[in-house]
Amino acid sequence: MLSELGFIRTIGEDEDVQVEPETDSEDEEEEGPIVLGRKQKALQKNRSADFNPDFVFTEKEGMYDGSWAMADVLSQLKKKRAATTLDEKIEKVRKKRKTEDKEAKSGKSEKEKEAKEGSEPEEEEDLERKDVEASEDEESETDYSSADENILTKADTLKIKERKKKKKKGQEAGGFFEDASQYDENLSFQDMNLSRPLLKAITAMGFKQPTPIQKACIPVGLLGKDICACAATGTGKTAAFALPVLERLIYKPRQAPVTRVLVLVPTRELGIQVHSVTKQLAQFCSITTCLAVGGLDVKSQEAALRAAPDILIATPGRLIDHLHNCPSFHLSSIEVLILDEADRMLDEYFEEQMKEIIRMCSHHRQTMLFSATMTDEVKDLASVSLKNPVRIFVNSNTDVAPFLRQEFIRIRPNREGDREAIVAALLMRTFTDHVMLFTQTKKQAHRMHILLGLMGLQVGELHGNLSQTQRLEALRRFKDEQIDILVATDVAARGLDIEGVKTVINFTMPNTIKHYVHRVGRTARAGRAGRSVSLVGEEERKMLKEIVKAAKAPVKARILPQDVILKFRDKIEKMEKDVYAVLQLEAEEKEMQKSEAQINTAQRLLEKGKEAPNPEPERSWFQTKEERKKEKIAKALQEFDLALRGKKKRKKFMKEAKKKGEMTAEERSQFEILKAQMFAERLAKRNRRAKRARAMPEEEPVRAPAKKQKQVKKSVFDEELTNTSKKALKQYRAGPSFEERKKLGLPHQRRGGNFKSKSRYKRRK
């Protein structure tokens, strides 16, 4: 009765209710093999269809609800017409391959049926049913059979790499900064004399205690002094320079609409991140910020610069472009100049641009220079741009994060071609999500994206060949867990704070240890645990030894079963045709877009005709084309980069490349290592170069004096004879000591000799 009316009836005392046992899916996934765990995840995704996908939690109160930092910039970017993405091309090729495999299998089954025409009809029906079931299983599951799963579920072996203990010859020379930065360890944000709007923003962002670099920098920055600070990545440098700058702007409001603060950053993504943090810190005050980085719309940036924002965050190239082509924009009113990641900006092609920007800035300014490592170039820049700077050294960037677990996989000699197979095995079997894979070149990153995508993994890529929209979209998808693996070059190795990165894999060892520390610094950030796995060949053993020597925690060597590597190597060889097919689709699409663009321009010219307005003047630059060409040639790594010199060399290189054809796996790996070695060689040459002569010697920071070792006094013949001091004379008269006599084997000499005192004589009586 109650059930008919729609009511829930009560349970009686005598009734037994079946309670389903609770299972923890996460525990099951960890215990079971990872290949099978992938299927369970797919089933769980299908189960989530019971819930309404449109359901959204209510937004947090306040202007900034902790949403993604780059979402605003991504919305501003112009979205091009929907062309097929790389993932769509990969999916198309995968489907084509699957249909071909099915057709081949169905052809085999038909032949078997023809061979067994004389069999009973019941047996035929059973065979048909089995074939249908098998095909359904193949569609739902991955491409692996039960035999493959037995190989794939073999466990890797881990060994602890012990470093060879050697006697220390002496303390190594430290960096340029002395480790004597005085700051109050108990200092809080409330004790820093910051304005209420800033304290409110700090609380809204969830900051509780300042980091060491913030405790050291903010009080000095508020005094208006120049700062030369050295701190590792992920230590809160952005807030360390943003808070004193914002406090200065609030305390001293502007009289005229001018830009007063300039922040220079090396990469676009880091610029967007700094802009986002600054905007959030200034959310409760009327300070305006502007972002001028490459890849974004030039016209909208020019309009924003005409409005004279208080703070400008820019990359060097785009800033110089605006300075030479935007008439109303200048840097003569800059009060504070901030150089973030200065060592990175002077590493490659920014040196001349940095000098040009500093030349155009106001001379009466406060300058803050932040650098992870202090090179000679940074030192030169500091001597030119800073006036009586306060040197702050909190922590060097030569150490990895404390909770990072470092693992290395040895690549045997003549086995360099196994790198792709090993990476694929790691990503398919062990590290399935929240992984960053670093490669040396853009070409290899693109290839790994295609290869892993064809294996059915959710992959994205991030490198310099992509447009700004594609780069930000890849970061957004990785952050939102739409993709599990992000393949990147060193563009993503600096400054980017990507939440939840569990594992970093190095396809090859990077150029220097400094680059290695930056790469593995993407994980184990802010006290979290993380893991790095690096593939090390014979030519990279020297760097491995240095890393093991510097490591505080034990370093482990991971050994993959040979069966697994061979299995994935065979699979990659079979996929080469599919990789080529995806690359062909990309090339065709590029040609189509190019021809469409030419047709559109021709149509526009025909429509406008002679009445067309004069074209816009070309954008000027501080260097001529020849000067830029010379600079590129000087910094080129190898011969094909030197093709910039002329058409003949370029044609010659292209002919040789066509003759060779497609590179093998061994050649690709060697090419990656070669690039890293050439960079390291160039760096070594630069370090050997004679330093610039100066009229006045620079003030070197006073290094901590080395501990004096107790020197054993050695007797010297001439010194004993010529030393006429009171102490030496007394020692000479006393003769050798008891210990010296013992060493020389002399008998113990009684001081008194045979002389008997009166007291002794009296006792005998």
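A Cβ is built for glycine as well, from the same backbone N, Cα and C atoms used for every other residue.
If you look up Swiss-Prot, you'll see Ala231, Ala232, Thr233, Gly234, Thr235, Gly236, Lys237, Thr238 marked as ATP binding site, on the strength of sequence analysis. Per Swiss-Prot, compositional bias 'Acidic residues' is recorded for 13-32. As annotated by Swiss-Prot, compositional bias 'Basic and acidic residues' applies to 98-119. As annotated by Swiss-Prot, compositional bias 'Basic residues' applies to 685-694, 744-765. Per Swiss-Prot, the feature domain 'Helicase ATP-binding' maps to 218-392. Feature annotation from Swiss-Prot assigns domain 'Helicase C-terminal' to 426-572. According to Swiss-Prot, the phosphoserine annotation covers Ser25, Ser48, Ser135, Ser146. If you look up Swiss-Prot, you'll see 164-169 marked as motif 'Nuclear localization signal', on the strength of sequence analysis. According to Swiss-Prot, the feature motif 'Q motif' maps to 187-215. The motif 'DEAD box' annotation in Swiss-Prot covers 340-343.
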- prompt: Which residue, of the binding-site residues Thr235, Thr238, has its CB surrounded by the fewest other CB atoms within 10 A?
  reply: Thr235
Helix, strand and coil residues within the domain 'Helicase C-terminal' (426-572) as assigned by DSSP: 65 helix, 28 strand, 54 coil
- prompt: What does DSSP assign Thr235 (ATP binding site), in three states?
  reply: coil
- prompt: Cβ-Cβ under 8 Å from Lys237 (ATP binding site), same chain, 6 or more residues apart: which ones?
  reply: Ile213, Ala229, Ala231, Asp340, Phe370
- request: Determine the Cβ neighbour count for Gly236 (ATP binding site): the number of other Cβ atoms within 10 Å of its Cβ.
  value: 17
- request: By DSSP assignment, list the helix, strand and coil residue numbers for the motif 'DEAD box' (340-343), in that order.
  value: 2 helix, 0 strand, 2 coil
Query: Given the model, what does the mean pLDDT over the motif 'DEAD box' (340-343) come out as?
result: 83
